[in-house]
Amino acid sequence: MDSGNVVVCDNGTGYVKCGFAGENFPTSVFPCVVGRPLLRYEESLQEQELTDIVVGAACADLRHQLDVSYPVTNGIVQSWDDMGHIWDHAFYSELKVDPSECKILLTDPPLNPVKNREKMIETMFEKYNFAGVFIQVQAVLSLYAQGLLTGLVIDSGDGVTHVVPVVDGFSYPHITKRMNVAGRHITSYLVDLLSRRGYAMNKSADFETVREIKEKLCYLSYDYKREYQLGLETTILVKSYTLPDGRVIKVGTERFQAPEALFTPELIDVEGDGMADMAFRCIQEMDIDNRMTLYQHIVLSGGSTMYPGLPSRLEKEMLDRYLDVVLKGNKDGLKKLRLRIEDPPRRKHMVYLGGAVLAGIMKDSPEFWITRQEYQEEGLACLRKCGQA
């Protein structure tokens with residue numbers, strides 16, 4: 001079977017990355033959104049023919065005329081009808097494949113409900129009639145993309161952040177940490193921060209605009225208190241941004257206040273540990289033989305790890321915790337800890353890249369894939385081939 005017949009599809013909360021096995025980057029990346037025309041626009045826009053359902057990037061251009069819904073929330077599919085439209089768009093419009101002649105590798109966040117996987121595999125066989133399907137945990141794929149089998153993956157996308165220890169290609173679900181703070185929540189927090197500054201932002205229509213502001217201007221401070229002080233006393237942090245309608249707004253301390261929620265989720269009223277705490281606790285809960293290897297291979301993955309300053313901030317926080325908790329303040333011991341944070345430049349599409357590598361290697365080994373025949377004979381029991389969720 002040639003690589004053109006193996007589809008890789010990483011459906012995230014914010015974007016769908018899809019392409020073919022063995023490729024170096026996704027063929028198509030489009031926002032995971034579905035829009036339906038608002039009634040009042042249906043009559044008035046005769047010359048601009050609106051289809052019944054708009055998927056992906058087209059939603060952004062027409063967003064004032066559409067009722068936009070996001071089928072995936074926090075990594076879990078909430079609306080399977082809408083997800084069907086997204087997959088239709090991916091397979092037929094973007095990749096232009098005939099599913100019945102292809103195999104597909106899908107991804108799933110760790111600690112996702114089993115129902116999510118079951119419904120996914122059911123749709124792939126019943127609706128699209130794929131020849132073979134495999135579902136892999138996202139974190140493991142990120143490591144494959146980095147050429148590792150053992151490491152600690154910190155994956156932060158649009159809907160969910162998780163920290164997953166992987167040893168020899170197996171993840172540990174009982175030690176995996178998950179936090180519902182990621183890209184979408186930071187954008188939404190930035191909307192709040194900007195409205196406190198006096199810029200009225202509409203939650204839905206301006207959401208994309210604010211996301212662009214976030215991607216262009218936000219960063220993580222090395223020392224939050226000092227940076228905040230600097231922001232209050234000087235104007236050195238203020239940057240201007242031109243909105244699509246020509247207005248210019250100034251963004252100051254908000255640039256690092258918004259992403260700070262990744263490290264201190266209390267800022268947006270989410271209980272639990274921040275990214276550094278999760279990573280540290282995760283490694284300390286592993287058995288002692290694996291800890292040092294994990295400290296040396298902390299791999300960042302996903303779009304919300306792209307903030308400038310995030311790797312150095314994470315390193316500082318982890319060293320502080322190690323010094324306090326493990327070494328009880330004895331600094332000599334830090335020399336032995338070779339903490340290394342890997343931040344590959346293409347980490348935004350890391351899960352997809354790992355999927356393309358895995359699918360490329362496995363495309364000809366029948367024992368790897370769940371075949372249509374197995375699904376028809378065993379039903380959902382065939383999911384055991386995919387290992388643990």
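A Cβ is built for glycine as well, from the same backbone N, Cα and C atoms used for every other residue.
What Swiss-Prot says about this protein:
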{"type": "BINDING", "residues": "G157, D158, G159, R211, E212, I213, K214, E215, G302, G303, S304, T305, M306, Y307", "note": "ATP binding site"}
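For K214 (ATP binding site), the count of additional Cβ atoms within 10 Å of its Cβ stands at 22 [all protein chains shown]. When each of the binding-site residues G157, G159, G302 is scored by how many other Cβ atoms sit within 10 Å of its Cβ, G159 comes out lowest.
Among the residues the record lists as binding ATP, namely G157, D158, G159, R211, E212, I213, K214, E215, G302, G303, S304, T305, M306, Y307, the two farthest apart have Cα atoms separated by 18 Å. Over all protein chains present, the Cβ of E212 (ATP binding site) has 13 other Cβ atoms lying within 10 Å.
Under 8 Å, Cβ to Cβ, and six or more positions away along its own chain, M306 (ATP binding site) finds E215, R347, K348.
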